Number of protein chains: 2
Amino acid sequence: MQKELAVVLLSAGMDSAVCASVASLNFRLALLHVQYGQRTALKELECFYKLCAYFQPEKNFVASAMFLKEIGASSLTDESKPIPEKEELSIPSTYVPFRNGIFLSIATAWAEAIGATRIFIGVNQIDFSGYPDCRESFLKAFNQAIQEGTKPETHIIIEAPLLHLSKKEIIQLGIQLKTPFELTWSCYQNTEVACGRCSSCKLRLKAFEEANLKDPIPYQL
Amino acid sequence: MQKELAVVLLSAGMDSAVCASVASLNFRLALLHVQYGQRTALKELECFYKLCAYFQPEKNFVASAMFLKEIGASSLTDESKPIPEKEELSIPSTYVPFRNGIFLSIATAWAEAIGATRIFIGVNQIDFSGYPDCRESFLKAFNQAIQEGTKPETHIIIEAPLLHLSKKEIIQLGIQLKTPFELTWSCYQNTEVACGRCSSCKLRLKAFEEANLKDPIPYQL
């Protein structure tokens, strides 16, 4: 029997790439990337296409959600706000309002149109950035909204296989599944060489260190 | 005390215009329109700006979600599929996959960025087109997703004041609130003069007839 089709939200970051590796074990892949005017948009797009070359998905789709840049209110999309280099106690300025709600909505529309039965998203709530739209309670509520808001014959379920893993465990899983970490991009700040100082670089570097592995991408620092 | 700010999803159709009239009673207005490559996009945009001139909102925003046209799977966004003129027993071909999920996600992001406390949406589940994302159960689940997926200090609630009204009652409410029906657009098909034959025109004409009123816009038929 043919495997079912899964939409994978692929930002081209480390977590989403491991998530794609997990999805590929049991599903045909439809890789979805969203461009939303984030600082490192072009680098992420380049990595997305490299990851498509690696994963050879059945379908891929790049959706433009530039309204997120127009809406602003985040240091990722508003270049007048600095990217923080220290950990913040409250929700960090890199939080993009309801970004995962928007990503999951686009994924749902595409999944319904192409007949996919799963949406994979690489969020994790351990070692995460404190974004409210990365929590299990959010995914659970959104999953219910999908069930209520799509056709009766549509059965789309959100899968978040990394939700309860630490960053270190995510890397170990990726190594086991041969995720091409060298093709991924996590830095919030730069588009050439990762800065090594932003919160996203720090989380990534710490994770590789804890896993006793060397991150294959170069860093400024 | 200053009134709170509400985002109103304004397609420029009859229902959303009445919804804006209801919202204006108790809230400052932030009017949101989404362009998604629908057949009558430019006419809707023209009506949106005319309605902005009428309502004088504090903010207005036109978001581009052209990925819905690229995703297709609907006769509203795929011009190779005919617009139905007969009632359909199942979900009609005009259904756009998870459109209200996408609209509500954009509205949530904007509401969070501008500090709005409500999102008004003009859906109704009586005399409706059979779209799954117009049902109360969907709105309830999505409302929960908003609570879980936004900042703790954010309090955004979905309001659907027309949900349990018939089309006739919606018109009566609009007349009472002086909604400028002459500035609204419902036709799925045309961009100059409403066709009078598509399911959306038929619902609208039937409603005016039941309310013993004359629709102020011209029709081909």
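Just so it is clear, glycine is given a Cβ too, placed from its N, Cα and C backbone atoms.
Copied from TrEMBL, the annotated features are:
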type    : residues                                                                                          : note
BINDING : A:LEU10, A:SER11, A:ALA12, A:GLY13, A:MET14, A:ASP15, A:SER16, A:ALA17, A:VAL18, A:CYS19, A:ALA20 : ATP binding site
BINDING : A:CYS187, A:CYS195, A:CYS198, A:CYS201                                                            : Zn(2+) binding site
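Annotated features, which come from TrEMBL, shown on the structure.
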residue  : record              : contacts (Cβ under 8 Å, 6+ apart)
A:LEU10  : ATP binding site    : A:SER16, A:ALA17, A:CYS19, A:ALA20, A:LEU31, A:LEU32, A:HIS33, A:PHE48, A:LEU51
A:ALA12  : ATP binding site    : A:HIS33, A:GLU44, A:LEU45, A:CYS47, A:PHE48, A:LEU51, A:LEU183, A:THR184, A:TRP185
A:MET14  : ATP binding site    : A:ILE170, A:ILE171, A:GLY174, A:PHE181, A:THR184, A:SER186, A:ARG204, A:ALA207
A:VAL18  : ATP binding site    : A:GLY122, A:LEU162, A:ILE170, A:ILE171, A:LEU173, A:GLY174, A:LEU177, A:THR179
A:CYS187 : Zn(2+) binding site : A:THR40, A:LYS43, A:ALA194, A:CYS195, A:GLY196, A:CYS198, A:SER200, A:CYS201
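Take the mean position of the Cβ atoms of A:CYS187, A:CYS195, A:CYS198, A:CYS201, the recorded Zn(2+) site; other residues of that chain with a Cβ within 8 Å of it are A:ILE83, A:SER186, A:TYR188, A:GLN189, A:ASN190, A:ALA194, A:GLY196, A:ARG197, A:SER199, A:SER200, A:LYS202, A:TYR219. Sitting within 8 Å of the Cβ centre of A:LEU10, A:SER11, A:ALA12, A:GLY13, A:MET14, A:ASP15, A:SER16, A:ALA17, A:VAL18, A:CYS19, A:ALA20, and not among those site residues for ATP, are the Cβ atoms of A:LEU51, A:GLY122, A:THR184.
Fewest other C-beta atoms within 10 angstroms, among the binding-site residues A:ALA20, A:CYS195, A:CYS198, are seen around A:CYS195. A:CYS187 (Zn(2+) binding site) falls outside any helix or strand according to DSSP and counts as coil.
DSSP classifies A:MET14 (ATP binding site) as helix under the three-state reduction.
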